[in-house]
Amino acid sequence: MVEVERVRYSDTLEREKIRAMIKARKEKQKEQTVENEKAVCPECGSRNLVHDYERAELVCGDCGLVIDADFVDEGPEWRAFDHDQRMKRSRVGAPMTYTIHDKGLSTMIDWRNRDSYGKSISSKNRAQLYRLRKWQRRIRVSNATERNLAFALSELDRMASALGLPRTVRETAAVVYRKAVDKNLIRGRSIEGVAAAALYAACRQCSVPRTLDEIEEVSRVSRKEIGRTYRFISRELALKLMPTSPIDYVPRFCSGLNLKGEVQSKSVEILRQASEKELTSGRGPTGVAAAAIYIASILCGERRTQREVADVAGVTEVTIRNRYKELAEELDIEIIL
């Protein structure tokens, strides 16, 4: 009898807890509804409010009034590539990065012999600190896979820095390389070759194109090996890579030639017309982009020589002449030299 009463009592407690949870949830939803009703533009009364997280501002989408500034971004500090990663990383902590072999989750002992107050460590404790550093390095890189990642990711970072690539490209390249390691695609290939191929694939995925020649200049492997490894990993990892467009090269080439935005816009316009007439198919994107910039610079009164354009684009003057003649003839562009 006593046991039955205990069961009934526990059931009653569970029901009360569930009712309390439902009540709290309804009250929270009601508060959110009230807040949303209050969130209107004081200038025009619009509810079309836009959160600009880059500037930390709340802006009216209709009249442009800045309603609130310097608000706190309550979003996560990490990145996720799929739903599972997003669910696993629902936490607060140090930022996570794929560009470090341990994803930035371990600690590191500084190389300077100073304490947390900036004071120099006594000679008596320096030997102990040296041993701690040595064991910390061994613990961080404890097996062959981690050693592989540590070397490859440092190589990726070096090449990306030499090419001036943004953080997103580095993260993407690190993800591609990690997938190649997980599928055991490194066996029989050099680490430098796979790292260079991963960086080339990441550049194409992020629409920040770099040519194989540019990757070769900063890597320690040949152009042929990079291309062969790239084709292999893109096939094995089923990477979805769109053909590189000549338009993607225009901003970088124009910047290298110190050309104004008018020339860049004209170059893009020429390339779009060429693409509609399928004049870019089967031709190197850098050569077509260089020819379009050469034509646009003449039309806009900021002429650059074929030699200057060729040096920035990494193509020959002959290529520019051939592509320039094709574009001018097919698009009926009159150029006064």
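Note: Cβ is positioned from N, Cα and C throughout, glycine not excepted.
Spatially close to CYS60 (Zn(2+) binding site) yet at least six residues away along the chain are CYS41, GLU43, CYS44, SER46, ASN48, LEU49, VAL50, ILE67, judged by Cβ distances under 8 angstroms. The Zn(2+) binding site annotation in Swiss-Prot covers CYS41, CYS44, CYS60, CYS63, and the record cites sequence analysis as its basis.
Look at Swiss-Prot and you will find 154-237 tagged as repeat '1'.
The feature repeat '2' is assigned by Swiss-Prot to 248-329.
According to Swiss-Prot, the zinc finger annotation covers 37-68, on the basis of sequence analysis.
The number of other CB atoms found within 10 A of the CB of CYS44 (Zn(2+) binding site), across every protein chain shown, is 12.
Here the binding-site residues are CYS41, CYS63; the one with the fewest Cβ atoms within 10 Å of its Cβ is CYS63. Other than CYS41, CYS44, CYS60, CYS63, the residues of this chain whose Cβ falls within 8 Å of the Cβ centroid of the Zn(2+) site are, in sequence order, PRO42, GLU43, GLY45, SER46, ASN48, GLY61, ASP62, GLY64, LEU65.
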